Amino acid sequence: MNTTLFHPYSFLLLGIPGLESMHLWVGFPFFAVFLTAVLGNITILFVIQTDSSLHHPMFYFLAILSSIDPGLSTSTIPKMLGTFWFTLREISFEGCLTQMFFIHLCTGMESAVLVAMAYDCYVAICDPLCYTLVLTNKVVSVMALAIFLRPLVFVIPFVLFILRLPFCGHQIIPHTYGEHMGIARLSCASIRVNIIYGLCAISILVFDIIAIVISYVQILCAVFLLSSHDARLKAFSTCGSHVCVMLTFYMPAFFSFMTHRFGRNIPHFIHILLANFYVVIPPALNSVIYGVRTKQIRAQVLKMFFNK
């Protein structure tokens, strides 16, 4: 079979169908979000690296999150801006698969690190005397390796399942980026395997959410048992940033899934915007949330920029 029919030379990304006339203006907030994500997370990484007092598990996990976020932003927004501002809609088949790979990899890693951060909060509040015994450097290193390897194992089949599909000349993707099911739906063959595997991958995110909820139920029980009002406030402050980041990541994903599954009468551009929020907004807000709410990070950033 002709390889250009089996696998097209390139795909065309339409951007946000229905808002083509506004692409120029839509690009500006996306550009601002991109700058915030990259500069904010680089700042957090720099602060954690240079301040030895922050070299403990909570900030190690934050450093991992701040390493993932620029990757997720870079996987999506530069190509979006090319589509919005310069009508550079074409993306090679290999480039589209590469983009899909990194979007799903970074998304999986972000979910995994949020579980690790929930566990860190759980140990810090429910068993503080054993914190340094439980979360040793070795344990944190193993968790960091798992954060990378688990999504890698689950994402590689996405690429393989796309490579097995013929496309018969279909190459228009009504989206701003290439993701697994968006590419698979262009195929002229059965995508049943892709759908089943996609649901299995989503179940991993559901498992992560359940693990986080269980952790926070136990954390809340422990907090309400504290006799001191100040101790309760300190406990809430310890995990407040993580809760905000968790909601920022999972809520857009939840609404995107629900509108895709049940919102058949919702305009298509709403689906695309929600899918963009899911991968674009969290990387920017994470750095802002931790920069504002975490006292140690905020103090170091202020010192770095305003102390003479």
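Cβ atoms here come from the backbone N, Cα and C positions, even for glycine.
As given in Swiss-Prot:
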- 1-24: topological domain 'Extracellular' (TOPO_DOM)
- N2: N-linked glycosylation site (CARBOHYD)
- 25-45: transmembrane segment (TRANSMEM)
- 46-53: topological domain 'Cytoplasmic' (TOPO_DOM)
- 54-74: transmembrane segment (TRANSMEM)
- 75-98: topological domain 'Extracellular' (TOPO_DOM)
- C96-C188: disulfide bond (DISULFID)
- 99-119: transmembrane segment (TRANSMEM)
- 120-138: topological domain 'Cytoplasmic' (TOPO_DOM)
- 139-159: transmembrane segment (TRANSMEM)
- 160-195: topological domain 'Extracellular' (TOPO_DOM)
- 196-215: transmembrane segment (TRANSMEM)
- 216-235: topological domain 'Cytoplasmic' (TOPO_DOM)
- 236-256: transmembrane segment (TRANSMEM)
- 257-271: topological domain 'Extracellular' (TOPO_DOM)
- 272-292: transmembrane segment (TRANSMEM)
- 293-308: topological domain 'Cytoplasmic' (TOPO_DOM)
Per the Cβ under 8 Å criterion, with at least 6 residues separating them from its ends, the transmembrane segment (236-256) contacts 65, 110-111, 114, 117-118, 121, 124-125, 205, 209, 212, 216, 219, 223, 271, 274-275, 277-278, 281-282, 285-286, 289-290, 293-294
Check for me, if you would, whether the transmembrane segment (139-159) reaches the transmembrane segment (54-74) - at least 3 Cβ pairs under 8 Å, residues 6 or more apart in sequence. yes
Across the topological domain 'Extracellular' (1-24), the model's average pLDDT, rounded to a whole number, is 84
One stretch in 25-45, 99-119, 196-215, 272-292 has more Cβ pairs under 8 Å to the transmembrane segment (54-74) than the rest, namely 99-119
When counting C-beta pairs under 8 angstroms to the transmembrane segment (196-215), the leading stretch of 25-45, 99-119, 272-292 is 99-119
The topological domain 'Cytoplasmic' (46-53) resolves under DSSP into 7 helix, 0 strand, 1 coil
Per the Cβ filter (under 8 Å) with a sequence gap of at least 6 from its ends, the topological domain 'Cytoplasmic' (46-53) is approached by 59, 62-63, 66, 296-297, 300-301, 304
If one takes Cβ-Cβ under 8 Å and requires six or more residues beyond its ends, the residues near the topological domain 'Cytoplasmic' (120-138) are 57-58, 61, 215-216, 218-219, 222-223, 235, 238-239, 242
Same-chain residues at least 6 beyond the ends of the topological domain 'Cytoplasmic' (293-308) with CB under 8 Å of its CB atoms are 43-44, 46-48, 50-51, 53-54, 59, 62, 237, 240-241, 244
